[in-house]
Amino acid sequence: MNRAEPLVLGIETSCDETGIGIVRGHRLLANTIASSMDEHARYGGVVPEVAARAHLEALEPTLTAALAEAGIALADLDAVAVTSGPGLSGALMVGVGAAKALAVSLGKPLYAVNHLVGHVGADVLDSEDGTIEYPTIALLVSGGHTSLLLVRDLVSDVELLGETIDDAAGEAFDKVARILGLPYPGGPQIDRAAVGGDPKAIRFPRGLSLPKDMERHRYDFSFSGLKTAVARWVEAKQDAGEPVPVADVAASFREAVVDVLVSKAVKACTELGVPRLLLGGGVIANARLREVAAERTASAGIELRIPPLQLCTDNGAMIAALAAQLISAGHEPSSLDFGADSTLPVTEIQVH
Amino acid sequence: MLLAIDTSAGSSVAVVTLGGEVLAERSSDDPMRHAEVIGTLIAGCLDDAGIEVAALTGLVAGMGPGPFTGLRIGIAAARSFGIGAGLPVHPVVSHDAIALDAYRSGSAAPDATLLVVTDARRRERYWTSYAGLDAAGLPVRVQGPALAKPDDLPTSESVRLDALVVPAGALGQVAAALLATDGAFAGEEPLYLRSPDVTMSAGAKRVTA
Ligand SMILES: [Zn+2]
């Protein structure tokens, strides 16, 4: 096995994207993603069984497309990598079964890795020399997770500082979009609706930001109260027979989400003396989040890193990249006996 | 030489020659740990058979019927193994393997009618009825695969067989016989026989009374 610049194929199926990525060391060769998002639209959110069925259907075409894009032969691979968790268990299992069989068919080692740490691993593909500067704080925000990590070393030392105690931020966007009568997925819909709206028009609550919360939930998030506050506000308007100022509601809601995400991330950086913040996850597509993060990190003297969007949303390249880093650091492959772990903690960077 | 994989009930993997000889078979009847065991079953079977991947000519995938989560894992494994080894994947109805096994082992006479039953969870069963073996030695499917409550299962067949594992050896034998006689394989779609559990979004619910 080439440990200096391993050629790795990564399989990611933790939520609704079937991702196959191929990397050589820290260089990206292919990043193919098939999404079942459209199939979930009429249900207003990701339906686990629909996602899992879609993974099985997308597996072969996505794998074939990634190989063609990378222009490599499977026989050249040094290893296969797969997301073991966290995520939707039925969805994860499709990837785990596929990865094991692929590895055995090729006689190649298999690396089972952590999805959240994979999001951090995406950053090596975006760097000149394939290194991440340590320590770094990582804010990972999607429809499935909202987590704040302290990364001292990608392959050996990742700590969970906090996470959402109820809805993921992406889910909050979906639910508020529904309140406003907008379709799924909510993120881009809220963004569109917020154009021209006043983000300060309505002061929606910032979850877990009161002094009493800050003791127990310093770096945790909560979006369920915010969603309820938006619903109450909208219902009061409707009950009074007044028009709902959708642009103002959308802008003010988005501001509340962005404010709490960025505030806690920047607070973690300053309090822990970490001068770097990395963003990851599909919600990073939100322009207002990137803008506020850029402003506040700049004024706090924190370096902000945002990988290209294709590497922020769930993808196989980040899984391959993390495995490549593990291989280069001398880590041995996983056994063939691991399973899907829907609640895999971030401290388990690789599953054996 | 075929590598047959089925996870429609438990998990089972076998290496079967194109002549229908089962060289190795490994199974686990745990209905919950398909993802955990599948890799070891495949690697172990190849070891037991003493063959290299290069000696294989095709994959066989048991397409169910089977409860969603487990069924997919074997199909995903067969397909990705197929890509890795550059081999075709032949889909087979999993109940056909149970039926073939029953007829060949003598649990059912070659001309007896047979009801194959497997667990569909949620207090339901998958069933398929058969009317003996045809000239190619393949079980003749009469009805099914279908889904039913235990009390609603057909009762007119002379033999009923409730199976916990689909023997991958027999699955490979079905595929070998189909290949030899240019018979029809199953479709590409897994036989879940149930729609996903979903609740249609009815719009936002009121939070204020
Ligand atoms: Zn993610």
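Using the three backbone atoms N, Cα and C, a Cβ is placed for every residue, glycine included.
For A:28-320, the entry in TrEMBL reads domain 'Gcp-like'.
Secondary structure at A:Asp314 (Fe cation binding site), as computed by DSSP, is coil. There are 28 other Cβ atoms within 10 Å of the Cβ belonging to A:Asp314 (Fe cation binding site). Annotated Fe cation binding site per TrEMBL: A:His115, A:His119, A:Asp314, in sequence order.
The substrate binding site annotation in TrEMBL covers A:Leu140, A:Val141, A:Ser142, A:Gly143, A:Gly144, A:Asp174, A:Gly187, A:Asp191, A:Asn286. The Cβ of A:Gly187 (substrate binding site) lies under 8 Å from the Cβ of A:Gly170, A:Phe173, A:Asp174, A:Gly282, A:Val283, A:Ala285, A:Asn286, each on the same chain and at least six residues away in sequence.
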Legend entry - Listed binding-site residues adjacent to ligand 1, that is, members of A:Ser142, A:Gly187, A:Asn286 whose C-beta is under 6 A away: A:Ser142
Inset, instruction - Give the helix, strand or coil assignment DSSP yields for A:His119 (Fe cation binding site). - result: helix
Inset, instruction - In whole Å, could you give the widest CA to CA gap in the substrate site formed by A:Leu140, A:Val141, A:Ser142, A:Gly143, A:Gly144, A:Asp174, A:Gly187, A:Asp191, A:Asn286? - result: 19
Inset, instruction - Could you tally the C-beta atoms, other than its own, that fall within 10 angstroms of the C-beta of A:Asn286 (substrate binding site)? - result: 24
Legend entry - Neighbour count (Cβ, 10 Å) for A:Ser142 (substrate binding site): 27
Legend entry - Remaining residues near the recorded Fe cation site, that is with C-beta within 8 Å of the centroid of the site residues A:His115, A:His119, A:Asp314: A:Glu12, A:Ser14, A:Thr83, A:Gly87, A:Leu116, A:Gly118, A:Leu140, A:Ser142, A:His145, A:Gly280, A:Gly281, A:Asn315, A:Met318, A:Ile319
Inset, instruction - For A:Gly144 (substrate binding site) and A:Asp314 (Fe cation binding site), determine the Cα separation and express it in whole Å. - result: 10
Inset, instruction - Looking only at C-alpha atoms, tell me how far A:Ser142 (substrate binding site) is from A:His115 (Fe cation binding site), rounded to the nearest Å. - result: 12
